Amino acid sequence: MNLGDLTNFVEKPLAAVSNIVNTPNSAGRYRPFYLRNLLDAVQGRNLNDAVKGKVVLITGGSSGIGAAAAKKIAEAGGTVVLVARTLENLENVANDIRAIRGNGGTAHVYPCDLSDMDAIAVMADQVLGDLGGVDILINNAGRSIRRSLELSYDRIHDYQRTMQLNYLGAVQLILKFIPGMRERHFGHIVNVSSVGVQTRAPRFGAYIASKAALDSLCDALQAETVHDNVRFTTVHMALVRTPMISPTTIYDKFPTLTPDQAAGVITDAIVHRPRRASSPFGQFAAVADAVNPAVMDRVRNRAFNMFGDSSAAKGSESQTDTSELDKRSETFVRATRGIHW
């Protein structure tokens, strides 16, 4: 048996285990943490108690993860504030929320370009004037770029754009809403980061750098606000099937979370207010990188060579990738379920 056969032999059982432990249940909980189900039953903790009577602002609330999370929160009794660029899409989600069985949910819409700091300030002031404050802020909006270093030499704007939306936009929202949270001695800021921050996924340098910047900032801010009962949670989200990943058509063959599963991870974080919410594989990757980064570099390099740049990243007029995954690649993808390569 050569090294390649041995690797493939190991990856197959890993793929089976990965499918089990890296897929959250309907409550947004990864299987190794199911003990929380019992604790919640004993303690009576649920989403209704966490959000009822609370104002919850969600960026990127017009589709995908944000829309799915908004509906869950509204069903549980929270007042949802939806923020995104397109008013029509926001209204569609808001109407779905208002049509919830019973008395319907409460939803407010505020269209805003979240890469424009002045526009964010104006929108935030409107929210404060209309609703008095925000109890839970979910920084979910984001821009992802998958492009190798070789194709990025003349594309500094990729780094600027991702930092503007993923980092500075979220920071502006935090700065606008956290004073009220501190005054009321309650607040929760949930940042939807990426498992890529833990795995250091190749081709995603611009994207994960912007997410890591927000992660580090909020680690520092948490130390300043613990006594104010303001909590920060970083959700290292696995790969989710949303419009954001559609330009990379090879992801059609990757196992992903659904928006509803991802929304469950967020709502579970709202209930428990952990510092970090991560998949088991993401946690393993972070520890492995700390212990032996050289080995992890080789794993990442293998993935880099296994999956090429998309047609969109190459600037091709055709947005269709013709490459197919071979059996080794398929096994590797299943073994690293939820990771964007």
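Going from the start of the chain as shown, residues are counted 1 onward.
Glycine too: its Cβ is placed from the backbone N, Cα and C atoms.
DSSP gives L82 (NADP(+) binding site) a strand state. Counted within 10 Å of its Cβ, the other Cβ atoms near L82 (NADP(+) binding site) come to 26, all protein chains included. Look at Swiss-Prot and you will find 58-82 tagged as NADP(+) binding site, backed by similarity to another entry.
The substrate binding site annotation in Swiss-Prot covers S194. Secondary structure from DSSP puts S194 (substrate binding site) in a beta strand.
Counting only same-chain residues at least 6 apart in sequence, those with a Cβ under 8 Å from the Cβ of Y207 (active site, proton acceptor) are R143, S144, I145, R146, T162, N166, S194, G196. The active site, proton acceptor annotation in Swiss-Prot covers Y207 and rests on similarity to another entry.
According to Swiss-Prot, the region 'Disordered' annotation covers 309-329.
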Helix, strand or coil at I58 (NADP(+) binding site) [DSSP, three-state]: strand
Neighbourhood of G78 (NADP(+) binding site) by C-beta distance under 8 A, where only residues 6 or more apart in the same chain count: V51, K52, G53, K54, V55, V56, G105, T106, I136
